[in-house]
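**Q** Pulled the feature table from TrEMBL, pasting it below:
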- G11, P12, A13, G14, A15, G16, K17, S18, T19: ATP binding site (BINDING)
- 7-217: domain 'Cytidylate kinase' (DOMAIN)
Amino acid sequence: MKEKINIAIDGPAGAGKSTVAKLVARKLGYVYIDTGAMYRTLTYKAIKSGVDLHDNGSLNQLLSKAKIELTPEGKVFMGSEEVTELIRTDEVTNSVSFVASQSDVRFEMLTRQQEMAKQGGTVMDGRDIGTAVLPNAEVKIFLSATVEERAKRRYEENLAKGYPSDFEQLKQEIALRDKRDSERETAPLKKADDAIEIDTTNLSIDEVVVAILRIVEERS
Ligand code: CDP
Ligand code: CDP
C-alpha cells in the first residue's frame, strides 16, 4: 500500500479550495480538514459571547475552552453544539479575518491542525497550510482565480441556496478579506515557494481535481 501523504491546499476566498479538497480526499480515501471552519467557529463563539474580536488574549482564552470537531461527513461541532450552518453567516464571514489575525489564536490553531495531520492521509485547506502548518507537506497547491470570477462563484452559490446577492458588494467583501488575510503579520495568505499554483479562473472543478491528482501521483 502507498504511504499516506499530506496535501496542503491554500488560496484566497472562492478559489475552490474546499470543493476541490473534498473531492481529492474522497478519491484518495484521505481525511479532509477545513481549517477555515475552525477560525469561523471561534469567530461565531466570540460574537455569541460578546468577546472583542481584536482582543488576542480573550480570544485565546475562549479558544482554550472550545473543543472544535470536524466530522468526516463535513459537520462542525463546538462542544456538543452543531455549528455547521451557523458559521457560514455573512456576519461570521465578514468578521473572521480579524480573529484570524491574532497571533496566539493562530498558534493554538496551528498546534491542533498539526496534531490532526500527524499520521498523514489528510487534505488540509486554508491560507497558511503550505507555509506554516504543514511546511513539509509532500504536495502543496495554491489555487487562485480572479476576484471577478470568485465573486461570480459566490453569487451563483447564494442564488442556488435561494437568495440573490449584490454582485459588486460581494466582490468588495472578497477583496477586503483577501487584503486582510494577505497583509496580517502572522502567517499571512501567501503561496509557499514550493507550492504549485493552479489558476482556476477558466477551469472546471473536475479539471482542477484531475490536475491535483496528477501532481499527487507524480510525488508519491
Ligand atoms: O471558504 P472561504 O474561502 O470563504 O473561507 P474559509 O476557508 O472558511 O476561511 C475563513 C477565514 O478564516 C479566512 O478568510 C481567513 O481569515 C481565516 N483562515 C486563516 O486565517 N487561516 C486558515 N488556515 C484558514 C482560514
Ligand atoms: O473554499 P473556497 O472559498 O476556496 O472555494 P469553494 O467554496 O470551494 O468554491 C466556491 C464556489 O466556486 C463553489 O460553489 C464551487 O462549486 C465553485 N467552483 C467553480 O465553479 N469552479 C471551480 N473550478 C472551483 C469552484
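Glycine is no exception: its Cβ is also placed from the backbone N, Cα and C atoms.
Note that the coordinates shown come from a computational prediction; the quantities given were computed from them, not determined experimentally.
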**Q** Among G11, A13, A15, T19, please name the binding-site residues whose Cβ is nearer than 6 Å to ligand 1.
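**A** List returned for ligand 1: A13.
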**Q** Calculate the per-residue pLDDT averaged over the domain 'Cytidylate kinase' (7-217) and state the result as an integer.
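**A** Across the domain 'Cytidylate kinase' (7-217), the average pLDDT comes out at 97.
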**Q** Around the ATP site formed by G11, P12, A13, G14, A15, G16, K17, S18, T19, which additional residues qualify by having Cβ within 8 Å of the site's Cβ center?
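**A** Here the nearby residues are V20, D125, L143, A145, R150.
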**Q** Long-range same-chain neighbours of A13 (ATP binding site), Cβ under 8 Å, sequence gap at least 6?
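**A** Listed in sequence order, they are R150, R154, I174, R177, D178.
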**Q** Kindly assign K17 (ATP binding site) to one of the three DSSP-derived states: helix, strand or coil.
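**A** It is helical.
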